[in-house]
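Chemist: Before anything else, here's the structure in question.
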Amino acid sequence: MKTQWSEILTPLLLLLLGLLHVSWAQSSCTGSPGIPGVPGIPGVPGSDGKPGTPGIKGEKGLPGLAGDHGELGEKGDAGIPGIPGKVGPKGPVGPKGAPGPPGPRGPKGGSGDYKATQKVAFSALRTVNSALRPNQAIRFEKVITNVNDNYEPRSGKFTCKVPGLYYFTYHASSRGNLCVNIVRGRDRDRMQKVLTFCDYAQNTFQVTTGGVVLKLEQEEVVHLQATDKNSLLGVEGANSIFTGFLLFPDMDV
């Protein structure tokens, strides 16, 4: 404590002596300036001053060094679907696939046209050897086949029940000249000659044959007709036969 007071009193005494010296010097007209006193001790720091005005914005600094890569973040949500792209080129044909399973059974079909399944056919022999008059219908009285009974053996005439295309043919044995007509028409009307087959031979056996396709209407009649040159035979070993059958029914009727 004594030391602190001595440190304080010493400078004060020196200051007092200086003041006395100055006062004496001022009272003397010819005194010289005294020696400068010892500097005083620093004063107590003052309080903080008011904040200054903001300074002018400085220039942009240089870019800093690149920082280290951060850790990988979590996967984000899916984005909105983009606009569909253009259609690409057609690809190559792929390999043939395996057969698929059988499909379900289809519905039952409708009833078919009875005409499409209609069957008409006949074959008949002539077994009598009697003479024939010109324009007379030639009877083939022994029936071999007569499906649907459209051929009448007692008259030798075929009557159409199913309109359509028919084929008629005959094989006739004779000894001498033979001419045979194939005729058609309504049985009640005048018959029309379609064609004539002739074969001329004297005193010798021969076989004459002919055939034709006819489009017939319902109830139209077809038969073979004798002429004035007729040596037709109907005996064992020299048979004559008349045949006809339906090729195609007329579906429009």
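First residue shown is number 1, and so on along the chain.
For all residues, glycine too, the Cβ spot is worked out from N, Cα and C.
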Chemist: Between CYS29, CYS198, work out which one Swiss-Prot annotates as bonded to CYS179 by a disulfide.
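Modeler: Of the listed candidates, Swiss-Prot names CYS198 as the partner.
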Chemist: With a Cβ cut-off under 8 Å, give me the same-chain residues at least six positions beyond the ends of the compositional bias 'Low complexity' (78-96) that come close to it.
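Modeler: Contacts with the compositional bias 'Low complexity' (78-96): none.
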Chemist: Starting from ASP199 (Ca(2+) binding site), work out which of the recorded positions listed here (PRO54, LYS57, LYS60, PRO63, PRO99, CYS179) have their Cα within 10 Å, and give them in sequence order.
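Modeler: Passing the 10 Å Cα cut: CYS179.
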Chemist: Using C-alpha atoms only, work out the spacing between CYS179 (disulfide bond) and TYR200 (Ca(2+) binding site) and round it to an integer in Å.
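Modeler: Cα-Cα distance, CYS179 (disulfide bond) to TYR200 (Ca(2+) binding site): 8 Å.
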Chemist: Under 8 Å Cβ-Cβ from TYR200 (Ca(2+) binding site), six or more apart in the same chain: what's there?
Modeler: ASN177, LYS229
